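Chemist: Pasting a structure here, questions to come.
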Amino acid sequence: MDKHNSSELLNSDFSLSKNASSDSLDSDSKSSSLNSKHGQDSNHVLGDIQLLDGEKVMGVARDVTYLCPYSGPSRGVLKVTNYQLHFRPTEPTSLQTTLSVPLGVVSRIEKVGGASSKGENSYGIEVFCKDMRNLRFAHKQENHSRRGIFEKLQQLAFPLSHRQPLFAFSYSESFPEDGWNVYEPIAELRRMGVNNDMWRITRINDKYEICDSYPAVWAVPTAANDDLLRSVAAFRSRGRIPVLAWIHPSSQATITRCSQPLVGVSGKRSREDERYIQLIMDANAQAHKLFIMDARPSANAIANKAKGGGYESEDAYQNAELVFLDIHNIHVMRESLRKLKELCFPQIDQTRWFSGIEASCWLKHIKCILAGAVRIVDKVENHKTSVLVHCSDGWDRTAQLTALAMLMLDPYYRTLRGFQVLIEKEWLSFGHKFQLRIGHGDERHSDADRSPVFVQWVDCVWQLQQQFPTAFEFTERLLITIVDHLYSCRFGTFLFNTERERVKEEVKTKTVSLWSYINSRQNLYLNPLYWGPSSFSNNSPPSQYSRPQMVLVPVASLRIIKLWKALYCRWNPTMRQQDPIYQRTRELVALRAQLEAAAAAAAGDHAARQHRLALTPPRVASPHHV
């Protein structure tokens, strides 16, 4: 291969990329990932700020000082739009402190100092963010600029609290692909082989009357009629009955998901629920046993009996084995992340780094979730046994476990498009309460429903990437992009709590999907080390360089699990990677494509040459005279 041509192609690729949108999460940039590079795909520029479609400047404060905890005070102009908080320093030497922070990231805003404050930079505003950082701005009292900016920020960062729509309903950028078409529930069930002899597709919940937090389309045992489904819904918390999440292509062992049974203190039973669980067990002819994986610690499950919930009795559910996975609730996880933030921002105390990580218990929780998913995978893959997963209501820990187990079992979900389908299916359609857990546009920052459940799951996916670097079509850059836009409110994907609410609010017609944005620049997220089939080449044969995809069984041990510094510590310049890893990754992706194309061309030339030789008649030898 011509070395000059190779470098020329790569250089042209990157000269083009400089003009294209640089993702808002570029950890290679010297400023933060949601900072100066944000919004380069916007259609218009107003002064020094680049605006997205539908974005408008709503307030400006001059002579404001950004108190950067790393590079010190920087004076400049603070602008607030209906999407972002933008700060640009006036000194050219301080441009690294340029900020562009989506207002959806803001958790709370507080005034600092009062009329009697005398010290320099002691009067201003502090912005607390959901992405592990705080921002502090000092105002001059004589300018009287603080009040106006504070009120604008309060109104625009928390629009729902002020009866205003989220920015996603104003954002109107168009992309080549409509990301709302990525997931189609019937198509995904058919990919898994449903309908079949044992499982059927039902639309009994088409109007969300059986369960308002479940999707419209379910897969249930063929032998279960609609009356049985209604009876089971009455015995399960929130009506969240056991439905199919995934089915093994060869053994027909399944992963089903639901909420806790309403057994209560008196130990109520439901013959219909017991029969239904037996039908799930019977749908797998390979085994005569069912494992019920309860995500909770046993003490918590027992305590839930006092509230009318509880767990399945092995006496009532014949041939079922109950296993508690000891994953703690949303309140424990929220407190754990709070401790981790204190450790990572703004300054890192070197003397207590490891003890601080241990005290936060964050990695311990990650380990418990991974270990629980591994147990599910082991039962389904090695023992060919079906598994039923639930926690209390089945929309937090249950989603973590089913989505993680499916990722380990099914290589399709490890592709770029398949990963999007997995999130749409297990998290969005099955009613993880994104609105309550994240608090989109809501000023109640101390709400007890807030919890980093989804971020914790994304962290577990990153742990898998670290242990199996060739198994995923995408890099951690995709994961960080998803986490940032989980908060940003630029796209409609993560808005609201349930599929029913999204249908009611017409999210698919009134907002843009995050997947439209990601799939329009997929090369930014591709993993050059990936050796499986691409999800973007459905009509082309698999690459000859693909390898058979295997089930992933990670080591769920604190000896192996690591802190995801690229996410939690990214605002600290001393913790960032020093080499431009994203640029190197893109270079490798481009070079790999070149080499594969060159190899395919050489193989084609060789085949053509062989064909010509086969058509050429053999040369007749001249007679040999002695």
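Note that Cβ sites are derived from N, Cα and C of the backbone, with glycine treated the same way.
This is the feature table in TrEMBL:
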ACT_SITE  C391  active site, phosphocysteine intermediate
BINDING   N304, K305, A306, K307, N329, I330, C391, S392, D393, G394, W395, D396, R397  substrate binding site
COMPBIAS  11-37  compositional bias 'Low complexity'
DOMAIN    179-568  domain 'Myotubularin phosphatase'
REGION    1-41  region 'Disordered'
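What's the neighbourhood like for each of these?
Modeler: Taking Cβ-Cβ distances under 8 Å and a sequence gap of 6 or more within the same chain, the neighbours of C391 (active site, phosphocysteine intermediate) are S259, Q260, D294, A295, R296, I327, R397, T398.
Listed in sequence order, the residues of the same chain lying 6 or more apart from N304 (substrate binding site) and placing their CB within less than 8 Å of its CB are Q260, R296, G310, Y311, S392.
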Chemist: Just counting, how many other CB atoms are there within 10 A of the CB of A306 (substrate binding site)?
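Modeler: 10, counting other Cβ atoms within 10 Å of A306 (substrate binding site).
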Chemist: Using a 10 Å cut-off on CB atoms, tell me which of the binding-site residues N329, W395, R397 is the least crowded.
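Modeler: With the binding-site residues N329, W395, R397, fewest surrounding Cβ atoms within 10 Å: N329.
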Chemist: Same-chain residues six or more away whose CB lies under 8 A from the CB of D393 (substrate binding site)?
Modeler: S237, R238, R240, S259, Q260
